[in-house]
Amino acid sequence: MTIQQFYRKPAISEYEIKLLKNNLKKQHNIDIESIETEYCFNVQYPDNHKLNESEQSTLVWLLSETFEPKNFSIDKSFLKTTTTTTENEIIIEVGPRMNFTTTYSSNATSICKSCNLSIIDRIERSRRYLVKSVSKLSEKQIDQFLELIHDRMTECLYPTPIKSFDTGIIPKAVVYIPVVEEGRAALERVNKEMGLAFDEQDLALYTDLFQNQLKRNPSDVECFDIGQSNSEHSRHWFFNGKLIVDGNMSDKTLFQIVKNTLKANPQNSLIAFSDNSSSIKGFKTKVLIPKSQIEASEYLEGEREQPIIFTAETHNFPTGIAPFEGAETGTGGRLRDTHATGRGSLVVAGTVGYCVGNLNIPGYELPWENKEYNYPDNMANPLKIEIEASNGASDYGNKFGEPVIIGFTRSYGNTLPNGERREWIKPIMFSGGIGFMDERHLKKEQPEIGMVVVKAGGPAYRIGMGGGSASSMVGGDNKHELDFSAVQRGDAEMGQKLNRIVRSCVESEIHGGCNPIVSVHDQGAGGAGNVLKEIVDPLGAKIYLDRIISGDPTLSAMEIWGAEYQENDALLIKAEHKDYLKKVSERERLPIAFVGDVTGDGIAQLITKDGETPVNLPLDKVLQKMPPKTFVLDHVEKQLKPFTLPKELLVGDHQTCFNECLNRVLRLLSVGSKRFLINKVDRAVTGLVARQQCVGPLHTPVSNVAVISSGYFGKSGAATSIGEQPIKGFISAKSMAYLTVGEALTNLMWASITDLGDVKCSGNWMWAAKLKGEGVELYDAAIEMHDVMVELGIAIDGGKDSLSMAAKAPKSDGSQELVKAPGALVVSTYVPCDDITLTVTPDLKLSSKDDSVILYLDLGCANNFIGGSALTQVFNQVGNDEPHHNTPLLKNTFMAIQKLVKQQLISAGHDRSDGGLITTLIEMSLSGNRGLEINLPDTHNSDQSPLSIIKLLFSEELGAVLEIKKSNQQIVLDILKQFNVPTQVIGNTSCNNNNNNNNNGSDEDLFIVKVGDKLIYNIKLSQLSKQWEETSYQLELLQANPTFVESEMKNLLKRATGKGKGPNYNMTYKISPISKELALLANKAPKVAVIREEGSNGDREMAAAFHFAGFQAFDVTMSDLLNGNIQLDERFKGVAFVGGFSYGDVMDSAKGWAGSIRFNQQVSKQFDHFYGRNDTFSLGLCNGCQLMALLGWVPYRGIEQTHQPRFIHNASGRFESRWVNVKIMPSPALLLKGMEGSVLGVWSQHGEGRFWSEDQSIVNDIKANNLSPIRYVDDDGEITESYPFNPSGTQEGFASLCSKDGRHLAIMPHPERSFLSWQWPFMPENIKQNVGGLDQPSPWIKIFQNAKSFCDSLN
């Protein structure tokens, strides 16, 4: 094989180079003068085939930047060392390891195949750095440089340009362990060598199995298999174990305690504790589904009973070792858990959580962080985990097409009064998912003899080796290399294709077909061995090793069988359905393999091509119900001290004391803004998100509850919320559990739900449970959670545990300390939502004292306990007082709020949690961009000591704050009194308090707090906003272009001045009503081809928008067009190019998609003909917009390639998820007719949305001919290049392009995710009144109605 090199510069941006140089200086004291970079594309093709001129031209177009041909070179590097100073210059090249094909190569070769370059079978991209240093770099310094620029698991140093991908590695032979001869000693040896995590009971059990029962030696493959399948991670020994608590045998296991909540409150439950997700009854739902799953076809309306599903899990150990990869595969694994429920289910949205140790942000002092703490070398530091784990999870969800709609994060590291250091060195990476399923597919069917075992998804790689057993160990107990080997690597685009075939099978039944899936399980811990045994249990199967698709020819049998390579499911189907599944998979371009058959002999047998059987295990022996293990749990007396304020704060005035406390608390990660997390993750894809993290005119990240819709046609849906209060556990595990459940419910209660009894929960436990004093705390928490839930009438129906939450860290004296993470319980609720438009959000909405009242619901009954609060944490304390427990009051409050929500008597509402009452009020004020005047009663004679005021304002007892209209005050108070909810009137929204004497002449709203008429706090909103945003801002500086981060902060502070100020939306037209007979009219309706490519994810919402406007939408893949299964012929009046990440954005956004059209003559002719017809239109959104530019459809034909406008990487250097303001300009665009002059909000999500043209004359032409009809504008409706109003940094505010005849329109933002009013995160009253309410289509439906009007005009 021949490898040819192609070069493109630069590989990384200027700001990334600056960041790299800064990190080298800060972390290793290495001074670098300059760094130049380039990519090297290593392209492999057969020796006997030299690329001809046409093939090379195609490849160059794909690999190069179209407008920068000078920055691309064939065979010749751009990087040269000088002849005079080579001592201080070095070229460093890093790239993928040769032994496996990367995700990049898989996508790149798929693109090549679509572009008639199937001769190319591999393309690997390396990065080359020309480093000029102040002095010659030592070997150690080069290693330190390498640490910062590559992933040592998947990449390596290239000392010279590579000549071959062949490594010469031969797969390791199967080894047999001499258990028959040596007994237990042989197993002990392999246990240590392979990191299998066998304990004493395991060793005895498996020695007996092989020595006495099977009477043979196990292979290393079998040992590895058993080690993964029977680890704590997989078997949950602790939750299933016998517990001796303080010397007394508990009559229930932890699982029995947890499951008893469901036994007591089974209402609405369909699947619980028995599948990959849990499920509850949902609603009968109208859906829009393609008629066929194996060929292009029209979308048709259908109905199904649609239960709601939820799953939640953690990926803590892998995230601690490799944060980005651990979090992305945690997300991917949870996604597969979601769709592998029953006989296949439907993914909708995700939830996330991150808990890390002290951040230690360079240059940003947080006074409670201990700078003397040391961290282990084999794990990432907390700051890196916080940033990179969230990057990994976000990136995977963005590419997959799953929105993240709610979450949490916290940082903790402290020394307790007993001298023990507690910190999340081993982090929490939490991932939850909510979705739906077809009720007909609730139960997996049992295997039958002759059924076919299928592996669907990505090929086998040497990644994720031993993740199950490694996750079951304390961090530091395993060899570092084994730790790193246990981390997986994700491929979101492959995961999305896998999800599509599961969805295709699920949806095949809607229009009269048959779901071929008998059973489905996702591949996770234990790899193929675990999932294949699981799916054929108890009948057994013969599995053929050589049928399992491998991406690495050097893999051994053990690695193919045991590695957790991602994006893989095991399916069980009947033999007669093989052809159907194959057709579905070919259409979606997903690899599948029919790897074996169910036998009925009860044995899982793995057979090599040579006839060897490295696995030959009787399932009843290895998957049997094992004898429970026994755990001894004893309470350890807590050493607690009451919370005290520093003396210097006690002697000053109350305001000084309060200001210092608040300044600290607002900078705590769990309390302050989470903007650094939410702006980089998609929160609207699918078009089914009714409520996500951001609210109010400034799109502020303050949420109670997340809500999704059942579909596009009605108002039913599902709500989910999260509760977690781990720091309270240092005082009392029971209090922690009570507050966790309470927080989950006081977050949930703002959505309109069917019934409290319908609420079901996932319980996730992250604890160092097997260490002294910890298991009993978990036990106490479980008992309290049980009691509270039973009394409330809710229940747990699923969850996961991670019980090795500790890590070894070095001490200054050279010894090690074992650092336990705080014990954590995360409760995720989910419940049917009867009206998604009624959800109450925290942002204040009323205008003045005259029309507003603020109510305070204190479920702590004025006790104001502060133990384990944010306040105690920021003074390096814990406290000793427990919160007030009152479950009946919690239940009554929930019921009262539900009644008020359904009667629409609350304008804004928010729970009390981290940071206390003052934080609740601040978040309501900032999110509404409105002032507040609060006057709390002084019930504790606060003149004597500021501590009582501090406790009043910072206590984290359960509670809530409501904003209501003054005209509704009496009816609201009556309802609250009816439910015996203690309520106080504490103030008013105050948008006109700028006349207050204390404002120093400012025109800003003020946030004012008094206690007993005594002024405690008086601050301008912009100053308050700066404090609340500060830590998020510091984190943002480390993950995006600092210039743009600073711009956002500057603009935010300009905007956060009160009076409800925000975008000035203006709608200049009325929209036509939606027909009630869309389904009946479909056959006569104009036809639009909704075209998607591999990796697209915006097709369903696009089809729905066109359907609502009266079109018959067709589901058309590029595979359909390339295979000639459908023509873009006269029947189609429109084409819609959808959003997403075609080919995972490999070779630049939409480049591969454009190439598959451009370089296929037959398809290219069809598109040219369609474009040339005068009776057609096209609409490209996001990825589709990028495609239309690359095809030259906009702004007009005939532009030279190097001058053709493009949409390139955002100037901020990252994916941007924003709710932006746009103005619709006068233009030829037919689809925007009548909308001119309107200023509207719209979802915008992209990583490459910056308009770019090298030719200023073309830019001038676009402006002169009004060919950019949608432009980014600021709050005043003025065209802007200012970030984040303009999220991509695009010149002239260009957010769109259209053709000169107006028939072809390309838009970067997402009107198809904004065409229904409930999809808008913020809709001001003037727009709401214009469209007729949140249950109506939004102003953006006009685009699609205009397309229909154009088609109608042709007749």
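Cβ atoms are placed via backbone N, Cα and C, with glycine included.
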Mg(2+) binding in Swiss-Prot involves Glu743, Asn747; of Asp579, Asp911, Asp914, the partner in that site is Asp911
Give me the CA-CA distance between Glu743 (Mg(2+) binding site) and Cys1182 (active site, nucleophile), in Å, as a whole number.
38
Candidate with sparsest Cβ neighbourhood (10 Å radius) among Glu328, Glu743, Asp911, Glu1312, the listed recorded positions:
Glu743
Please compute the mean pLDDT of the model over the domain 'Glutamine amidotransferase type-1' (1087-1325).
97
Reduced DSSP state (H/G/I helix, E/B strand, rest coil) at Gly332 (ATP binding site) is helix
Alpha-carbon distance [Asp911 (Mg(2+) binding site); Gly332 (ATP binding site)] in Å:
31
So among Asn747, Asp911, Cys1182, His1310, Glu1312, all listed as recorded positions, which is physically nearest to Ile406 (ATP binding site)? Use the C-alpha atoms.
Asn747
Protein Cβ atoms within 10 Å of Gly326 (ATP binding site), excluding its own:
30
If you take the centroid of the Cβ atoms of Glu743, Asn747, Asp911, the listed Mg(2+) site, which other residues of that chain have their Cβ within 8 Å of it?
Asn704, Ser721, Gly723, Gly742, Ala744, Leu745, Thr746, Leu748, Ser913, Leu958
Cα distance, Glu1312 (active site) to Gly330 (ATP binding site), nearest Å?
29
Enter the number of other CB atoms within 10 angstroms of the CB of Cys1182 (active site, nucleophile).
32
Give me the CA-CA distance between Arg334 (ATP binding site) and Asp911 (Mg(2+) binding site), in Å, as a whole number.
28
